[in-house]
Structures are given as C-alpha cells and as structure tokens.
Amino acid sequence: MYSSSNSFLNPNAARPGQQQYGQPQQQYTGFQQQQQPTGFMPQPTGFAGGQMQPMQPQPTGNFSRGPFQQSSFQAQPPQMTGYPPQNQPFQPQQQQSQTMQQQSTPAPSLPARLPGQTSSQIANSFQTISSPTTGVNPHHAPSKIPTQRLSFITAQDQAKFEQLFKSAVGDSQSMDGETARDLLLRSKLPGSELSKIWVLSDTTKSGHLLFPEFALAMYLCNLRLTGRELPPSLPDRVKNEVSSMVDIISFAVPDDNPPVAPKTNVPNFDQPLMQNTSAPPAPQQPQPQQPSNSQLLSQLTAQPTGFYNQATGFQPPSIVAPQPTGFPGQNASLRPQATGLQPNPQATGYTGPRPPMPPMPAGFGSSLSPSQTGAPPLAAQPTGIPGQWGFVNAPATGLPNIEALKQRLMPQPSREGGYTTAGLAGNATIPWAVTKDEKKIYDQLFRAWDGLNKGFIGGDVAIEIMGQSGLDRQDLERIWTLSDPHNRGRLNMDEFAVAMHLIYRKLNGYPIPNRLPPELIPPSTRNLDDSIGAVKSMLSQDAEQRKVSGAFFQPQKTGVSYLKTHSFRTGSASPGLGRKDATVFKNNDDDVVAYKSSARRRAGGTPSPSPSSTPAEKVDNDLSVEQLKKKIRETQIMLDATDFRDENRAEEDEVLNRRDRKEAESLMERIRRVQDDIDTDLKAAFRNADSGAERRALRRQLQAFQDQLPELASNVRKLERSIADSKLELFRLKDAKLHPGAAMEIIGTGPGGAVTEADRIKARARARMQARAAELAGRPAPQADDGSAARRLEEEKATVAAERERHDAMTRDVEESVKEFSQSLEDSLRDQDENSTRDHERRRWEEALGVEDQIRDLIFDLQRNRRTAKVRKEEERAMRADNSSYLQPQARNRSPVNDDGRRRTSPLRSASASPSFAGLSHEERVASARERAQKRIAERMAAAGLRPSSDASESFPERQEREKREKEERRRRAEEEDAKREAERQKRLAQEKSPVTSPPPKPSSKKPPPPPSRKVRTDVTESVEAKKAEDSVVASKARAEQEEKERALKQEQEAQEAERKQLEDEAKRQEEELAREKEAAQARLRALEEQVRQGKIKKQEEKRRKQQAEKEAKEKEARLAAQRAELEAAQARERELQRQLENMGEEESSSDDEGPIEITPQTSTPTQSQVLPAPFPQPSPPTAALPVPAIQEPDQDVAREPSPTLPSPVETPEPVKQTLPPETESRNPYFRQLSQQSAPSAAQPTHEMQSTNPFHRLAQQESTSKSAFTTDATVPGPLERKSRVRPEEDDWSAAESENESDEDDDRVAGGSAKQLASILFGTMAPPRPLSAMDEKTESKAQSPVQNAVVTPPPPPPAPEADDSPEIEAEREIADMSPAAPDDAGFYTPPSIPPPPPPPMPGMEASAGAPPPPPPPPPGDAPPPPGGAPPPPPGPPPPAPPGPAPGPPGREAGRGALLADIKAGKGLRKVVTKDRSGVATAGRVL
C-alpha cells in the first residue's frame, strides 16, 4: 500500500514478514546472489567484472544536491543516478529471503544504522547500553507542536521539553529511537528503568516518539530521578491526554504530502505525486508482481545484471537499449526499456513477496524505475493516491474465499445459526485498502440487504450479516466500532465496505487494528473532515492577515476578488483541467433549466412573446430520436421509482397509523380506568365543585350574605340600644324601690325624653316650693334631694353606656372580620375564574366541542359513566340512611342500653350543633358565634375545594391553646359518658339478676325451653334487616333507573336497561343468599333447642339420682345426730383437740400449705356451708359471714352458653356484679365482667386467668381433679352443700370440689385439724368457736348432703361479725352472691324426711362454723409459713345477700368437737362408697 500520512510513525506495523509499500526495503545477507546468468553482458558504465561484488556507495550526478544516505543493502549498495536537478535516485529492488529478519548485520567497514527498529527492539536496546550510532534524519516539513497543555507537567517543563524536542528532531514531527535513546541515557538511569520508560512512553508502538510521548518519557524519567516508582501502566487521564495530542499531530499531516523516504536505490513511486497534486494522475501501466516467495526462491530467475542505469544525459554505446532520461516535459514520449538481453521479460528491482501495490502515479519521467519491456499485454497495476478508493487492484494471488464469503452473507430465505469460519479462513495477502473487486462485492451485499433503498443498514441487520462470518463476538464488536466512527448505530455503503474488509482481513489471519488506518477511512468522511479543517485554517489565516494588514478598516473598492488564490488543493489550479473549486464558485443562470418568463427584461420594441428559445429548448431540439427515447425511458424509470417510493411510504404510513391507533386505544382505555377510579373514590363528590357554575353560585350566595350583613348589624345595634334603655329603666325602678322619696321626678323635655339641665333646675325649684309649702302648712318637710339618686343614675348610665360601647365595638369587629373573610372568599373565587382560552379548552374537552368523532364518543361515554356512578352513590347513601333508620329501633328493642346511649349522644350532638350559651358572657357568646360562622364557612369552602386565607386575628400559640382546651374538654366529656354508661350497665345487670325470685319448679316438671341465644337472635335480626335493606336498595335503584331513563338519550337507554337487569340479578342473588343464611340460622337454632332439650332431660335424670342420694344422706345424718347426743361434752373435746394439734407435725400434705391460706375464699372459688338444709333456720351468729358463690339461673345459663358440644346440661355461672371506677375498667363488657370477678382476688398475685373455651376449661378441670387426687389438698367440709355453678374465672368446678370432698374423706380428720389450727392462729379468735366450727364441719362430713342438691329458702342477711379482715372479706364476698336461689339443682324435694331433733348447744354452735377453704387453683403459690392469713381482697361493691344462711354462734359445747371427730372417722368408707354415683355431678364434660 502507499505510504499513508502517518506511515512514518510505524514503518514496520504491517503484517510480520511484509513491508509496507513506499517504505525502504531492507536487504539481508542471508541470501547472497552468487549465480549469474551468462547471457548478460557487463554494462558499459566504466566498471568491469561479470559478477556482482559487494560495492561501496557510489553516488553519481551532481553531489551538490544533497548528501546521500547509507542503506542497509549489503549485496547492492545504493547508487545515486538520474538527472541531478531531480534529487531522486533510482532505487533498485532486491530479493528477500523467506525468513525475514528485522535487523541486518552491518558490514565491518560501515557504521551500523538501524532505521527500522521496532519499539520492543529499542526497549531491549536499553538493557545492553552501548554507544549509539548517528545517522542523518530524513528531511521533513517544519514540525508543528500543538498548543494543547499537558496537565501532568507544568507549563515551564512543557516549554523546555518542546525546545529540547525541536532541537533533537529539527523539522521532523517525530523522534526516532536512536535519538530518544541518546537523550534518555543522559539521565544516568539503569537500562531496565529506561526500558520501562520507553514501553510506557511509546504509546503507538511505532519506534518513534512524538512530542507528547517524548514529554511523557521526560516526565517518567523525572519521577524515577526523584525516587518515586514507575507506575505499571499509565493513568487514564495521562493516557487520554497523550493519545489525544498524538492524534492531533497525526491528523495534521496531509495525506498528499508523505515524508521523504531515505535516499536509497529502492524506486520511489511517490515522486510523480509531488509535481501537481491538484490534478489526480491517470492510471498507468502496472508492474508485474511475483506470485509467491517459493517460486522466487526455487527459480531465482529475476536477478539484477550489471550496473544500474544512470541517466547522465547521454546514451552509452552498448547492446542494451538506451533508457531515456531527461526533464519532466519529455516524459510523455519516453518508454522504459529492460536492461539486459533476457529471453523472457523479467522484472527488475524488488522481486520478493510483497502485498498488493496501492495506487501509484506513473508516466512522469522525473523518476523512472526499471520496468519490463517487450511482450504485451501488460498486467494491471494499482494506481491512485493514498486512501483513494476504486484504484486499488486485487493482488496477483487473487482474493481467495471472497466468493464463498459473498454467498454466505447474501440474504437467503432460510438461514440457521451456529456459523463458523470453516470455508472462509485463509492466509491470503490482503492489502489495507479496499480493492476494486472487494468494493464491487461489498456494494452488491449492501444493496441486497438494503431492500428499501434507505442508504444505510441498521444495527440489527448488520449483526445478522456480520454474525454469519463466524468471527467471535469481541472481534465483531471491535470491527463495528471501527466501522461506525460517529456512533450512529447504522452503516452506509462505504462504512459497510470497511466492516466487510476488516472481516475479510481477520478471516485471513490479519489482526484487527486499534484505529482505522487512513487507507480505510471512507472518502466521504475523510474529505469532509479535511475540507472543514482547510476552511477553518483559511478563515483563520485570512482573518489574521486582514488584521495585520489593516484590511478590516479599508473597504475594498476595486471589485477584484482574491478568492482565486484560495483553494482546497495545495497546488495552483491547472489551467487545462477546467475544474472549479468551491472557493471560486460563481453562479451561472444560463445553466439552469427552468421556466423563464418572457415578460422579464422586456424592452420597449421587443414583442411580447420572445422569439428566442431558452438553452434547454435548444438542447432538446438538438437531441436525436434515440437520445429522446433514452430520455423518455429514463423519465419512465424515474416515475416508476417515484411510484415505488410512494407505495413504500404509504405502507410505512399505514403501519404507523395502525400503531398509533393501538396506542390511542390503549390510552383511551387507561383514561376510562382512571375516570372509573375517580368516580368511585370517596371524595368524588368534590370533583365538580370547582366548575364555573358552582363558583358563580357561590359568589351569588356570598353576595347575598354580604347584603344581609348591614341589616343584621343594624338590628344588633337597635337591640343594644333597647337593652340599654331597658337597663336604665329597670335601674330607676329598683332605685326608687330601694330609696323611696330620694329621687326627684324629673320630666325630660329633651329629644327623645332626655333630661336636660333646664329640667333639673325646674325640678329643684319645684322641690324648694314644696318644702316651703310644707313648712307653712306645718307638715313635715319632704326629704330633700341630696343628689345621691342622680349620682347613682349617672353611674348606671355610664356603666350601661360603656357596656354598649363595648358591644358596639365587638359588633364592628365581627362585621369587619366577616367583611375581610368574605373579601378573601371573593378573591379566591375571582382568582379561579377562567379566561376565554381556558373556558374554550374546558368546553372542548368537557362538552366535546371541536374534537374528532372518536374523541367525542369517548367524552360522552365518560360522562355517562360519571352520571351512573353518581346515581349509584346516591342510592348507596340512601340505602345506608335507610339501614341506619331501620337499625336504630331494632337496636333499641335488642338492648336497653341503646336508648340510654342514644339519649346520651343526642344531647352531645345537639350541643355540638347548637351549643348552649347559658352561663357565658356577651363577649364569649360573640366569640363563639364568630367561631361557628367561620367554621361553617370553612366547611363550605372545603366542600367546594377552595382554600380561604388564614385568619390572622388568631396567633399560633392562641390556636394551640384553644385546641388543647377543646381536646381536654372532649376527653372530660368522654370520661363522663363512659362513667354514666358503666353505671347504667351495672344497674341493668343488677336488674337482670336480682329480680328473678320466682319459686323453684318441681323436679318432675319439665323446664321451659330456653330462649334462643343473643347471638342467634342477632343473626336472625341482621338477616331480616339485611333483607329489608336489600329490598330498599332494589326499590331505590329502580327509582333512580326510572329517573335516569327519563333524562338519558335514546342510545343511553339500552345501557341503562342492561345495567338494570344486572342490578336485578344481583338483587335476586343477594335475596337468595339471605334466604339461605336465614335457613341456616333457623337450622342452627333448631339444633341448639334440641341440645337444650336433651340437656334438660339429662339434668332431670341427674336430679332424681341426687334426690335418692339425699335421702340416704339424711338417714345417715339422723344416726349421726343420735350419736352426738350420747357423747361427752367438754373433757373429751379438749383431749381430742390436743391430739389433733399433736398430729399436725406428723402428717405432711399439701393441706398444711394450702389450707390456712384461703381463709377468705375468692369469689370464683366454691366455698363452705353456703347452702344449709331447711331444718336449720336459726340466724347466723356474728362469728363469721361465710362467702357464697354466685348461683345462676339455669334458663339464663342455657340461653347464654348454648354450646352444641356439651353432652350434659351445665349451668355456667353468671358474672358477679361488681362496680369498679370507670377510669380503671375496660370498655369491653365481657372483659369488664371478667375483671369484676377477678377483682376480689387481686390481693393474691398467684391467681391465674382461665380460658373461656369450654373444652379448655374441661381439660383444666380434669387436670385439677387429677392433681387433687394425687396431692394432699385441703377439701371443703362435708356438711357443705356444693354449688354446681362456677364463675368464669374459677379454676375449680363445683363437681370437682364435690369429688375432692368424696375422694379425700379419708384425710378429712387430719385436714380439719390442720385447718382448725390455721384458723386458730390466723384469726386470733378464741379456740372454742373455732373448735365448734370444725366440729360442725366434721359432723356434717358424714352427711351425704353434698351428693344431693337442696335449695333452702332465702335466709336473712348475715349479721355483723367482728372486724377481722378475714371475716369482713368473707362477708363482702357473700354479699356479692345473687339472691336467686331458684336453681333446680338446689331444690329440696318434698319427699325428704324431716330433720332430726335439734342437736346439742355445741352442735348448734358448730352448725355454721366456717369450713376450711378449698384448695386454691393450680399454680397458686404456697401460703406463707406459720399459717399467716393472706391479705384481705379489695372491697367489692355491695350486692344482694347470698342464699347461704349465717353460721351459728360461737358458743358451743366442747363435746361437739369430739363427737364431730369421731363421727368423721366413721364416715370415711361411707362417702368413698358413694363417690361413683355422683362423679359427674356438675362437671363439664
């Protein structure tokens, strides 16, 4: 290839083993030319010898033209030949060996110069430092260093480096390796460091250093000299700056001015281009090229013979044909001749393997090279200038696999992936530039893929084309980057050719360059960039010249244009070419073929139609028939192309229209969804509040209010005046009544009856006359007026006037504030008024004025949907109102609390709506009225979507204080309401539980079925309510639909009809669902009733068994009473007590720990002696008030807990009424009931809350019974009649306590003794009453009353006992029990035999003794040691007295205890025998 503009930067950068065209060819000593053909005769140039010997350089011609350069050719040294003034030697070409070396061995007699060293060789040369050789630098144009600043060095250092660089390179643009080596060695750095510096500095790897690279090398040397380490690689900033400056220097070198090569005997093909660069040379006869190196080495036929031709101006006498030389003007007639007698034409010069030759200008005789003569035809030769496309022929070896590449890359109907380089790869010699054949193939590929004639190929298509080559993705990415320098994402025809050429080179083993060489830069891009640069330089030079010469201030008057001296071409325009440059363009109207009116430039005598025809008509007239036909065909082709282009454009427009329609449809669908969201939003009512009509209505309403304001203020002032007059009149009357005769009656004659000074004078005169008349008549003188009444009246007047003034000021303030507020409202309404443009736009999109039909349909559809959503919302609002009005009476019927709550909330609502002004001063009333007015106006504005201006009269701290006060007031009112509500609830609960005192039913009679549960009633009621609500919804929807039908248009009626049908279907479906729910609720109700009935039957059977057991118990009790009568009283009792006390330490059980701790049982714990048989009606002595658990009615229990899983009827206890302070309670009624029951046991921290799940409680009870069986727990006394009712918080069931009593009767004696001891030491009571109580408990243990349920008549309230905390707690707990003893389980049947005779006094005393408490619930902590009593529980509220009778008096016989103990021992087996029969009594299974 020809030497490019920057070929001097990298003379050996081509493929290894090849030399770039235009570079000095290096000769090697590895191949000596020994054999000479004998047919050659010595050339008559004055030298003898038939064979070539190594010769010294022998310059010929004029030596004054310049020094010659030493070449590296060993076999044939260079010789200066030719005409001396041309200063260009003939350069013979020598053969090269197959294995080419980069450096030749210098001859001993000549100093070695290494002109072709690579960057790596120069870097290695630093390792073995030796004295460098000097050489002569080639002649270059003056070096120009860009003014760009390098940031990694200072400006002073850069100036020094520039001076050093210029002094070292002279006029050259680059510094060769030897010079750089000399300079770097002066730093005295080791060779390894200098080698690293060279590798980092030579960024182009060309063996030369440009100025930025040289400055970088100096910078790195300075780093190393200062002791810092060299970086392994250059920083990105430094690298970018250096490469940018290198590019600027490289691109500044013009393509048509290559550097002068060293003067050698190699032919210089660039010389013809130096003569006239403005006109490109014509293609000339190319030189033949050898096919391959192997043929050359095997044949060795092309040998230089004799001495080289020397054009000395004369022709030597020889057998060789003369070679004409001479001046450039003679070159047209000269013909190059072969130098020798060869049987065949043989090429001379360089005959080794070489790449295809780039375009070479030839035909000028200034630098003739040896060429073949003889037999034509002539082979094609690459011609042209560097980088010019279309003049580069294919190499002699051809372009292998180019057709295969074309066939693969052509569009095919079915292609498959997975392409490889098989069949495309090779090792052909490919030049840098694109050859003619390649360009033709690449253009065909481009046109085949560019079916729409767009002029470019997109990235997706290029990926498909380039991917079929089989190259790696990384290589294709690099090729694309080089081909698309402007990053446009597409390739035109030239850029596509560059990409295909790089792919073809890569397939043949060539590396992909980092930067696109100048030969591959497309002409359009390069010429455009060069033209822009030339224009810029010309403009800058012209401006500089005019500024220096002062031409800016001297207008040009001569009319001479100097543009002819400006040209894009460096040389002057050739006169014979006739080509114009853009700088000397002149418009010629005659060349324009267009219509020209004949009326233009019409002279006076010229006829109207001009007889002369236009040049275009002349041209048409001169055309022949064939030319006209050709023109017609061309026009037809153009018309066809236009039609095809129009069709393609129409198709593209149709595609775009379809895409636009799809997008428009998607947008309209999104608009509909957004409109639906807006319509269904809760705040959609405020959406249209900002319309113009709404604002105008608000302004009219505001104006009406403003008109009413003066009248209201006048009325207020009149009222104030009348109030003031009334106050004065009232004061006069009161003062006259308090001070009779003190005031003078003064009749006012002033305006309005006002008293004037004259009236007062007259009154005083009248008073004096009356006094004188009384004195004359002897009557007592009337009381003289001392002026006190007048003073009091004046004071009152002043007070009334001041108050009136104050009220007037307040009225004015209110009036002004209302005016300001109304002004702000008016301003806000006026600011939002729409102008004509906005109104037009609003009407356009809201009323569909001036829009397309499709948009109009969309707007109407949105409006219909909006109206439908509005109607639906109104119906839902009406339905909610109907539901609320329907649910209120239902709520009143269902719960009596609702009336109270409604009565409580309605005053609050009315108070908030119209607050009472009682007890407020006038100022406070005015302020309240003002605040309410502002609040209403603010609410209206908020509903209208307006923002009124903030009230500046109230500061931020004042507003905070006011809000804080209001918040505190609301909280206080809420607390009061909660307290009232809680009190009413407690009262209602007490009314529900206490009045049930009906006589107990007979055991044989069947209980009435319990009422359905509240939950079931609620479900039924709610279902009925829902049904009615749905009916009302359907009716309201029907009415709304009817109204909508009357208003809607004809096309809207169909949509409304469909919607009505849908709503009817929905209503039917909802009615069916309600019916199904109602049936399910009825089924559940029937199931619950059946379960209740079965439970009652089981309960009756249980009652019969208990009655039978009760009979047996009474018989045993009669026998026990007879035995107690026969026992001794005092002595035996004392001995037995002593024995029990001694046995306390011997028995170890849980009763020691748990017995005494529960002296005061909890509300939820079954207690002792709460139900006594009827034969003992004596009142309770004041010893102790026994606690009684809550006894609940079975009807209420069943009604409240209708669990369908219960196998047997179980009465769950009703919560014990307890009233706690409202602030400490939860507002959940169920939670309050639990907290009320657990409040008395709050003093014991170990008590646990139990679950309300019946199955969970069953498991707890079973675990509790098991623990009671395995532990020595304290059991209640056997005489006690257990209640099967268990509170919700109770961990012990009634049945469980009975089982424990039955199963643990064998430990009753020991447990009773321990309990007696605990009671004795805990209550500090006398031992005798405690013994009597224990005796009574032990004696009653023999009775099986616990297995039967007897209901005694309601006993009288327990009398007051002593003030011990335990007794008080027991009394309070007993008081909490309800007074309803109508449980069927506690009824005493009439068949019970009469009780035995009354026992002894001791027995009477022991009858009501408090039994030991039952064991605490599981998890309770053990009692404190020593049997200390627990702290008393918190005081519960009073409740109706329980049914348990009071215990007997403390005084009892001492023998009763001994009899009780002995009887207890005998009762063990009896009770144990009967426990199986009553094991399930009262237990929840």
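Every residue, even glycine, has its Cβ placed from backbone N, Cα and C.
According to Swiss-Prot, the feature compositional bias 'Low complexity' maps to 16-59 (among others).
Here Swiss-Prot flags 67-107 (among others) as compositional bias 'Low complexity'.
The compositional bias 'Pro residues' annotation in Swiss-Prot covers 280-289 (among others).
The compositional bias 'Low complexity' annotation in Swiss-Prot covers 290-301 (among others).
The compositional bias 'Basic and acidic residues' annotation in Swiss-Prot covers 788-819 (among others).
Positions annotated as compositional bias 'Basic and acidic residues' by Swiss-Prot: 827-843 (among others).
What Swiss-Prot lists as compositional bias 'Basic and acidic residues' is 871-880 (among others). Cβ atoms under 8 Å from those of the compositional bias 'Basic and acidic residues' (871-880) belong to residues 684-685, 1029, 1032-1033, 1036-1037, 1040-1041, 1044 of the same chain, restricted to positions at least 6 beyond its ends.
According to Swiss-Prot, the compositional bias 'Basic and acidic residues' annotation covers 921-939 (among others). Residue counts for the compositional bias 'Basic and acidic residues' (921-939) under DSSP (helix as H, G, I; strand as E, B; rest coil) come to 18 helix, 0 strand, 1 coil.
If you look up Swiss-Prot, you'll see 956-991 (among others) marked as compositional bias 'Basic and acidic residues'.
Under the heading compositional bias 'Pro residues', Swiss-Prot lists 997-1013 (among others).
Taken from Swiss-Prot, the feature compositional bias 'Basic and acidic residues' covers 1016-1031 (among others).
Annotation comment: Swiss-Prot describes 1038-1139 (among others) as compositional bias 'Basic and acidic residues'.
The feature compositional bias 'Low complexity' is assigned by Swiss-Prot to 1160-1170 (among others).
Annotation source Swiss-Prot lists compositional bias 'Pro residues' at 1174-1184 (among others).
What Swiss-Prot lists as compositional bias 'Low complexity' is 1235-1245 (among others).
Residues or ranges marked as compositional bias 'Pro residues' in Swiss-Prot: 1390-1401 (among others).
Sequence-distant contacts of the compositional bias 'Basic and acidic residues' (788-819), counting only residues of its own chain at least 6 positions beyond either end whose CB sits under 8 Å from a CB of the stretch, comprise 706, 709, 713, 716-717, 720-721, 723-724, 727-728, 731-732, 735, 739, 742-744, 760, 922-923, 926, 929-930, 933, 953. The compositional bias 'Basic and acidic residues' (788-819): residue composition by secondary structure is 32 helix, 0 strand, 0 coil, according to DSSP. DSSP labels the residues of the domain 'EH 2' (438-527) in these numbers: 55 helix, 4 strand, 31 coil.
Residue counts for the compositional bias 'Basic and acidic residues' (1038-1139) under DSSP, helix first, then strand, then coil, are 97 helix, 0 strand, 5 coil.
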